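Trainee: Sharing a structure below in structure tokens format, with a few things to ask.
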């Protein structure tokens, strides 16, 4: 018998908001607005970095990587979320669900790695500014981007195979309008210890280590900034980190909440799981372009110049 010769449903049933199925159509409007902001805002930043020579610097190249991962994340969830809420079309093919699960987790890990690379950029810019151009060369930036992408895909390739070996015989109803590994493996009627352990290993060794390194980089940045004599210079140095800190908070706070609830909040109300998962997936792609457009004057100027050229 083959490794995957187990019972699987032909499809899964996605869930919008339990108890509000009859009024889910009213949520389609806000969801469309969020997707429009996420896709449109990040596309504008990508275009601004591409066409504006003043933004061809490491900080903005990393920002364009972050915007690219946000666009990819939004596109990975868009089809099933809008089908569920707008058309009440809840079915998703088994293999399509596996692919979506892999993509969502991969792009999420990619975003974590990019945020780490951006913290390294801020560390070098503030703690060793004279070597900034020598350290963050085009080759180094490209290497970091490739490493982040490769880590995401290589680390998560086992997930679909680990899930596919599990028989699904309890139910085929998922808790969300998209596919996540912690949600899917709860439907198995076999021992899920390997899946759970591997998922925890991935969470700690990638997201956990990224967050630890980001915190460490800001400890070193703060120590370096406090050594600057001028109060005005200290504030100027810290101000260059505000956008990145807000992006880190927008990404990690919901992710930690989702992880804690999935693993330890088994008795929490179902809507808590759904709300946190939706915040985790939808908030960072929406907030990141708003944060960087509002807090980074170079981005604002570039967008203003682009708008001026379009209206001319």
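Glycine is no exception: its Cβ is also placed from the backbone N, Cα and C atoms.
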Trainee: Pick from 58-78, 163-183: which range has transmembrane segment per TrEMBL?
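Mentor: Of 58-78, 163-183, TrEMBL gives transmembrane segment for 58-78.
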Trainee: Under a criterion of three or more Cβ pairs within a distance under 8 Å and sequence separation of at least 6, are the transmembrane segment (197-221) and the transmembrane segment (58-78) in contact?
Mentor: no
Trainee: Okay, the transmembrane segment (98-120) and the transmembrane segment (242-265): do they have at least three CB pairs under 8 Å, pairs separated by 6 or more?
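Mentor: When sequence-distant Cβ pairs are counted, the transmembrane segment (98-120) touches the transmembrane segment (242-265), since at least 3 lie under 8 Å.
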Trainee: Run the contact check on the transmembrane segment (132-154) against the transmembrane segment (98-120): 3 or more C-beta pairs under 8 Å, excluding pairs closer than 6 in sequence.
Mentor: yes
